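Visitor: Take a look at the following structure, please.
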Amino acid sequence: HLLQFNKMIKEETGKNAIPFYAFYGCYCGWGGSGKPKDATDRCCFEHDCCYGKLTNCNTKWDIYSYSLKDGYITCGKGTWCEKEVCECDKCLRRNLRTYKYGYMFYL
């Protein structure tokens, strides 16, 4: 779910997803093309690919449960789609801290 994804990003980076990540690099936000600009943009690319594989799921609106303990995200119980969407969303842990302000609103 997009609101849960925003919450995960804020918990991990301290940044709100909309102003900081919605228009970052080539792949963060809606759509994307070209070569990812850095590890943060690559994470967004991987996230898009992960969602793309879940063709029978409502990736942007499936509500899932997760917990955050000692810096680790654990996806909770739910339907197969809910668990898979959570797994896609938690990929952000790896690279979002490499954020560079120069790639905000990148064209």
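In case you wondered, yes, glycine gets a Cβ from its N, Cα and C as well.
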Visitor: For the Ca(2+) site, Swiss-Prot lists Tyr27, Gly29, Gly31; sort out which one of Asp38, Asp48 goes with them.
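Guide: Among Asp38, Asp48, only Asp48 appears alongside Tyr27, Gly29, Gly31 as Ca(2+)-binding in Swiss-Prot.
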Visitor: Disulfide-wise, see what Swiss-Prot says Cys44 is paired with, picking from Cys28, Cys50, Cys57.
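Guide: Record-based pairing for Cys44: Cys28.
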Visitor: Could you identify, going by Swiss-Prot, the member of Cys49, Cys50, Cys57, Cys75 that forms a disulphide bond with Cys86?
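Guide: Record-based pairing for Cys86: Cys75.
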Visitor: For Cys57, what is the disulfide-bonded cysteine listed in Swiss-Prot, choosing from Cys26, Cys81, Cys88, Cys91?
Guide: Cys81
Visitor: Pick from Cys49, Cys50: which cysteine does Swiss-Prot list as forming a disulfide with Cys88?
Guide: Cys50
Visitor: Pick out which of the disulfide-bonded residues Cys44, Cys75 has the most other Cβ atoms within 10 Å of its own Cβ.
Guide: Cys44
Visitor: Determine the most Cβ-crowded residue among the disulfide-bonded residues Cys28, Cys43, Cys57, Cys86, using a 10 Å radius around each Cβ and all protein chains in the structure.
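Guide: Comparing the disulfide-bonded residues Cys28, Cys43, Cys57, Cys86, the most crowded Cβ belongs to Cys28.
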Visitor: Between the Cα atoms of Cys88 (disulfide bond) and His47 (active site), find the distance and write it as a whole number of Å.
Guide: 6
Visitor: Determine the Cβ neighbour count for Gly31 (Ca(2+) binding site): the number of other Cβ atoms within 10 Å of its Cβ.
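Guide: Here the count is 7.
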